[in-house]
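Student: The disulfide bond annotation in Swiss-Prot covers CYS75-CYS90, CYS82-CYS95, CYS89-CYS110, and the record cites similarity to another entry as its basis. The region 'Disordered' annotation in Swiss-Prot covers 61-83. Summarising the annotation, Swiss-Prot assigns signal peptide to 1-21 and lists sequence analysis as the type of evidence.
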Amino acid sequence: MNTVRVTFLLVFVLAVSLRQADKDENRMEMQEKTEQGKSYLDFAENLLLQKLEELEAKLLEEDSEESRNSRQKRCIGEGVPCDENDPRCCSGLVCLKPTLHGIWYKSYYCYKK
């Protein structure tokens, strides 16, 4: 009976120690894989960040060009001389030949429609 207990105890201790060794080995493998994964993730993160910065720079460049080109030109107010070929009268005004005043200064002025 004693030999059965000793044998059982020996097998039990051996199984526990092997299981512990397997756990340690698995833990080391997992740690190595996570370290490799972290380096890969860092590389991927840096690459993505670089691409996003390039995209942001392009978008900001387009926005600045667009805002420069789309700025509304200054318009000429009512009763101000204008050019017949290039009228820059504000909205609601038309470049017309004056009826009485201003005939001697310039030939066209901005008037209400």
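Glycine is treated like the rest: Cβ placed from N, Cα and C.
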Student: Please give me the disulfide-bonded residues out of CYS89, CYS90, CYS110 that lie within 10 Å of CYS82 (disulfide bond), comparing Cα atoms only.
Tutor: CYS89, CYS110
Student: Do any residues at least six apart in sequence from CYS90 (disulfide bond), in the same chain, have a Cβ closer than 8 Å to its Cβ, and if so which, in order?
Tutor: CYS75, ILE76, GLY77, GLU78, CYS110
Student: Which of CYS75, CYS82, CYS89, CYS95, CYS110 has the fewest nearby Cβ atoms, counting only those within 10 Å, among these disulfide-bonded residues?
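Tutor: Output over disulfide-bonded residues CYS75, CYS82, CYS89, CYS95, CYS110: least Cβ neighbours within 10 Å is CYS75.
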Student: Can you tell me how far the Cα of CYS89 (disulfide bond) sits from the Cα of CYS95 (disulfide bond), in Å?
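Tutor: Just about 7 Å between their Cα atoms.
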